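The disulfide bond annotation in Swiss-Prot covers CYS21-CYS53, CYS30-CYS48, CYS33-CYS44, CYS55-CYS68. Annotated domain 'TIL' per Swiss-Prot: 21-74, in sequence order. Positions annotated as signal peptide by Swiss-Prot: 1-17.
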Amino acid sequence: MMFTPLIVLTLLVLATAEHQCGPNEQWSGCPKCELQSGESDKPCATICGEPKCYCSPDKYRRIPDGRCIRKIQCPQH
């Protein structure tokens, strides 16, 4: 029980820490969908995904380097 305050404090710090995302990315504690370059638009899930940085809504994840780019920069354009 001595460690309970330490665990609570650690979880609080992790939950409120500022997340550094890359260009054209934003942090979401509940991402639902991320488009990938070269894929056709697909329906988004209605449940939360793993909290992470994901591409802004108008951007696509480019494979293999993982950058978020505009649709016109995708390979099929």
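Cβ from N, Cα, C; glycine included.
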Rounded to the nearest Å - Cα separation of CYS33 (disulfide bond) and CYS55 (disulfide bond): 9
Alpha-carbon spacing, CYS53 (disulfide bond) to CYS30 (disulfide bond), which is rounded to whole Å: 10
CYS55 (disulfide bond), number of other Cβ atoms within 10 Å: 24
For the disulfide-bonded residues CYS33, CYS48, the one whose C-beta sees the most other C-beta atoms within 10 angstroms: CYS33
Residue from CYS21, CYS30, CYS44 whose C-alpha is spatially nearest that of CYS68 (disulfide bond), among the disulfide-bonded residues: CYS21
Three-state composition of the domain 'TIL' (21-74), taking helix and strand from DSSP: 3 helix, 15 strand, 36 coil
For CYS30 (disulfide bond), the number of other Cβ atoms found within 10 Å of its own Cβ: 9
Listed disulfide-bonded residues (CYS21, CYS44, CYS53, CYS68), ranked by Cβ neighbours within 10 Å, top entry: CYS68
